[in-house]
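Per TrEMBL, these features apply:
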TRANSMEM  A:6-25  transmembrane segment
TRANSMEM  A:45-69  transmembrane segment
TRANSMEM  A:75-96  transmembrane segment
TRANSMEM  A:117-133  transmembrane segment
TRANSMEM  A:153-171  transmembrane segment
TRANSMEM  A:183-202  transmembrane segment
TRANSMEM  A:271-291  transmembrane segment
TRANSMEM  A:324-352  transmembrane segment
TRANSMEM  A:364-386  transmembrane segment
TRANSMEM  A:392-413  transmembrane segment
TRANSMEM  A:425-444  transmembrane segment
TRANSMEM  A:456-474  transmembrane segment
Amino acid sequence: MNEAYAIPAVAVVVLATVLIGGFGLRISRTTSDFYVASRSVGPGLNAAAISGEYLSAASFLGVAGLLLVHGPDMLWYPVGYTAGYLVLLVFVAAPLRRSGAYTLPDFAEGRLESRSVRRVVSILVVGAGWLYLVPQLQGAGLTLQILTGAPRWFGGALVAAVVVLAVAAGGMRSITFVQAFQYWLKLTALLVPAFFLVLAWHGDGGAPPAVDGMPWSSAGSGQPLATSRADHPLYATYGLVVATFLGTMGLPHVVVRFYTSPNGRAARRTTVAVLALIGLFYLLPPVYGWLGSLYAPELRATQDADAAVLLLPGRAVGGLGGDLLGALVAAGAFAAFLSTASGLTMAVAGVLSQDVLPARGVRHFRLATLLAMTVPLGGALLVSGVPVADAVGMAFAVSASSFCPLLVLGIWWRRLTPPGARAGLLLGGGSALVAVTLTVAGVARDGWLHTLLAWPAVWSVPVGFLAMILVSLATPDSVPPHTSATMTRLHLPESLSTRGTIPTGEPGGRP
Amino acid sequence: MRDRKPRDLGRYPSHPFRSAPAPAYTPAVSATAEPAPRREVVTGEPRAARRLPGHPTQWEIDEQTTLGAAYVRSLMRSQLRAGLTAFAVLALPVVTLPLFFEALHNPTVVWIVLGFGCYPVLVLIAWWYVRTAERNERDFARLVRGRAVRDRHGAR
Amino acid sequence: MTATAVLLALCPLLLAGGFVLGRRTAHPSGRSDVGTPVERATFDTLHTASLAAPPLRAGLTEESARRSARRLRTLLGTDALCLTNRSAVLAWDGTGDQHRKRVMEHLDGLLDTGRSAAFGCGCGALDCPLRWAVAAPIVTDGRVLGALVAYAPRESAVLARAAEEVARWISVQLELAELDRSRTRLIEAEIKALRAQISPHFIFNSLAAIASFVRTDPERARELLLEFADFTRYSFRRHGDFTTLADELHSIDQYLALVRARFGDRLSVTLQIAPEVLPVALPFLCLQPLVENAVKHGLEGAVTRSRITIGARDAGAEAEVVIEDDGVGMDPGELRAILRGEGGASAGIGLSNVDERLRQVFGDDYGLVIETGTGAGMKITVRIPKYRAGVHSSGGGIG
């Protein structure tokens, strides 16, 4: 890998992120511009922003790495990451937007009219956010190590510093354009090299496709999680499917982006666009995984399978072209770290400053940003060895066992009560959080116990749902007094609910 | 906004916002820099405990709509039905596919189905759902708007 | 495999759970029952009463009495019915119009004491069925407003009782009418308060500016008039306490278009908007007065040009709106007094009103932060939380 190209590429990405974040406001100086400047974000732009924020290091590097090590079963990861948006669409998207909530704690408070449920949700949001941030920082460390030979901790610290400075200094004055830019950057950074890689493979001719014959059984893998996956692969697959399908809707940085949609209908259309954009992106990592098995098979035996995407251009294409393509991939990878990390940091910091730190204000938001980043940075430095995509899968499991029951039952079931929600959140989300913490801490390294703890969603999601339903049924007197009005607001189309506001001449011209 | 046609720039020569490009913006204060009069930060005084508790006016407005709540329940049912249908169409293959792959032992099929084949299907289901949900909302809006008229005749 | 079995068992369970949820929200269809004769009579009575009520909600006038008297007579089943106020007959319904002139003679005692009275009223005419009448007072707030007089061929305790009940019912309707009126007065007061926020000078000046274009540039005058209509409609709307930042900015846009019609080249406005904060809900009309303030300050001092910047940016869980002008500024001490509600200057009323409402809705952390000095321009910062329980921009609902 030639750092002469990669380092400038990474620097350009960082610079562009900060510049777009700081100056990407819509500016107008004349009357006619004014209207354009204050027009709300359309589904296309917002979908690109959501996708940009969502496609993290786990997608950019991790999926290909897992495919390389464990074979095509790992394709369930990208499928789950995508299908999660379908579940979000059909159960959550429009009502969540109509609730007016910015964060999940907002939703919990608005729906259940309970400050204590809000606090429980806040704690879980912070927990899930931190779990998700750790692998981003680890991925950054790995990437920078491969690019420059810098020590592992440096990349994570760099991303953390850039994000904290940009967010805390008020640099992210408009994050939508940043994230939309990052999506297209990431897509380009995988698409263009993939094109040349396939050309190179075609040109090589010697490296046979031989998909059938590849030893996917992961016999030579040295990773503890990998061997355990081999113990009960089918259970692991289901655990993964449940976690990703149901977990997406509760991810803190996904929820906040829906606030940008002007109404529920736009939120729905945005989600479909997200589904298409993410699906388009996920066509690419499998190509890298597959080519990685041809050109970098030795990575399978190391801890660094995640590096396959970064190394492939050099291996397959080589020369100046390989270096340039490698620089492009590196830029995309950094975009992945920055976008997801900044989105998560802002979401977590927002919750911290609102619900955890004592007073409110701009200064407290800065403090919260620092706190939101320091803890996962510590985690990333202390804990290593969990593959990026697996670690992200754990955040999904926590989200699926706590936020999914809260959102689905909150939106569709009138008899949900605050005690029921608390019970479900604590039993479902709490047990999942404990399970993944124990896994990361390495309490059980193999056997069924390990499998159950590492992929908790299969049991923790039903636990969350059942606890929420049963306790709610047992406490019918605690149904929030305004449930009926809240339900009306969640489900009523805007065309009916905004009768009272001023009519404007052009239909749909105003948000 | 109303049909605001692009205005003829030449028609308002005295109007700088249309006849001349606006000058580059410089921060309002530093522009008048010479003696630079000092600014002081002023805030109002705390009006302790004035915050309206819980849920003010808006709730009461919504609360009056008990009849509306019955209508909303019917809308919810139709939307939930659409959602569950889409979810079932997604869930059934997803539950069976891993078992199928396990039995098949053919990685190529897995690569093709999961790597490429499933994404168009997901988008199709999503597209179907959005159409159904929007149609439900349109039908509902028509139902609600027609209600007032029907009541007047239906009363006798 | 046990895991597989467990999984296969769980998935249908989840689905079944969903269906049960859907089923539970369904209702059993109501029983259909045509009702007994008594019930039908009750329904008829209620229906007639409901038809008589709306006119009375306008208060006790000749018009409302005339329109409700027919329904009330049906309700009582009498030959003639009369409604009076304290001095004259308001309406007569039924036969025997000649009795109308003499009604008030019988009511003196009733109007004084508020007690019902019965009197014989033979008029001598052979074909006149009216021999006896009962008069019941119409009372609201302890004052006798008038009387209901029901005529019958003979004495009837049942009619006496029914007339009293109907009179009481009318009284309730009139009390409700009074309530309606006071509510209307309240709304008018609210509108007046809102009008106070939009300076009357602004309205006059805008109309004058528009008028100046009517000859020279009718098309522009038409556009401005539409802006003016939109702006005032938004400003005077009553429905809902909250609006979105997007709507509020839209109204500011219209306001500025009107200001520019007068001060075209003296005012330059720059807008910097982060689109993600546009859906933020905020108290209705809480930025427009700040912009108006900035415009006023800018135009007061500047001989050449005045610059105003309006910025809205994303700050995590909050939106931050900054309105800055390079105008005459304000003495900080004076501004403090205005924010305390002590200032007399009309310029500051908007500021203190906005400050108060923001604190009321979002809490004391969210008051205005103003940086200013005499001759130093003014920068007003408003922070708005993206979510606050009970603060929703879309009003109404159905029903």
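Even glycines carry a Cβ here, placed using N, Cα and C.
All TrEMBL annotations are machine predictions without curation.
Contact check: the transmembrane segment (A:6-25) against the transmembrane segment (A:153-171) gives at least three Cβ pairs closer than 8 Å, residues 6 or more apart, which meets the contact criterion.
A contact between the transmembrane segment (A:392-413) and the transmembrane segment (A:364-386) is absent, since fewer than 3 of their C-beta pairs, 6 or more residues apart, lie under 8 Å. Listed stretches A:75-96, A:153-171, A:183-202, A:271-291, A:364-386 were compared with the transmembrane segment (A:324-352); the greatest number of C-beta pairs under 8 angstroms is found for A:183-202. Looking at which of A:45-69, A:117-133, A:153-171, A:364-386 has the most CB pairs under 8 Å to the transmembrane segment (A:75-96), the answer is the stretch A:45-69. The stretch with the most CB contacts under 8 Å to the transmembrane segment (A:364-386), chosen from A:45-69, A:117-133, A:153-171, A:425-444, is A:153-171. Below 8 A, the CB atoms of the transmembrane segment (A:425-444) and the transmembrane segment (A:117-133) form 3+ pairs separated by six or more positions in the chain. Long-range Cβ contacts of the transmembrane segment (A:117-133) within its own chain (Cβ-Cβ under 8 Å, at least 6 residues beyond either end) map to 56, 103-109, 250-253, 340-341, 344-345, 347-348, 351-352, 354-356, 372-373, 375-376, 379-380, 391-392, 394-395, 398-399, 402-403, 406, 418, 421-422, 425-426, 429-430, 433, 436. Of the recorded ranges A:45-69, A:153-171, A:183-202, the transmembrane segment (A:271-291) has the largest number of C-beta contacts under 8 angstroms with A:45-69.
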